[in-house]
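Marked as active site by TrEMBL: Asp76. If you look up TrEMBL, you'll see 7-223 marked as domain 'Pectinesterase catalytic'.
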Amino acid sequence: MLPFFAITAVAGDGFLARDITFENTAGPEKHQAVALRVNADVSAFYRCSFRGYQDTLYVHSLRQFYRECDIYGTVDFIFGNAATVFQACNIFLRKPMKGQFNVITAQSRDDPNENTGISIQNCTIEADTDYEGSQGSTKNYLGRPWRIYSQTVYMESYIGGLIDLAGWTNWSGNRGIDTLYYGEYNNDGPGSATDNRVSWPGYHVMDYSDAKDFTVSEFIDGNEWLDSTSFPYDDGV
């Protein structure tokens, strides 16, 4: 376990981690408190745990893969501008400070030509055990745009009922709602209904053709490098 004033940073290409917990113990009152920052190309994490509150996991840049990991947080707790796929992970929303709302992702693509974004596939989104007292009083969202070309999708995942009907929220006024790409494909669970989602031009209820662009094989070229890790993965939808 890391003390709150230490942040683990990974910068070496091909970095692999298995069965490791990365934790920032600062608590919600310390605001931004990163547990892990990753800017390592073709990096992969298997059965790891990332624990924090605000800004837990900084997927800074390059190609990254997370399989069967647990990620805990409150505000923007998966954020950055990597090309990242999360598969079969558990995403737990924790109890935030009074007056805060929870947001899972804050993706920061600022160039429409960048092949970056956050793809969450076959994952489970639920409340952590410490969230119980917040039921009904805390708003919870799938993501918000840190930069105007923010790109995030949820595919084939279980979305718990704690997620707000709108699904997504803004960062500042209408900034980015025309230029971002937010999508949902074939999710289930009480929070997965798309009927009352945001009506932004950049929000999409995806079809199969859209979804395949955010798979391991297409989005992070995983077929070219994940076999060598020995970690399991699904290459398509």
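Using the three backbone atoms N, Cα and C, a Cβ is placed for every residue, glycine included.
No curator has checked TrEMBL annotations; they are predicted automatically.
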C-beta crowding around Asp76 (active site), within 10 angstroms: 24
Stretch-averaged pLDDT - the domain 'Pectinesterase catalytic' (7-223): 96
DSSP-derived structure type at Asp76 (active site), helix or strand or else coil: strand
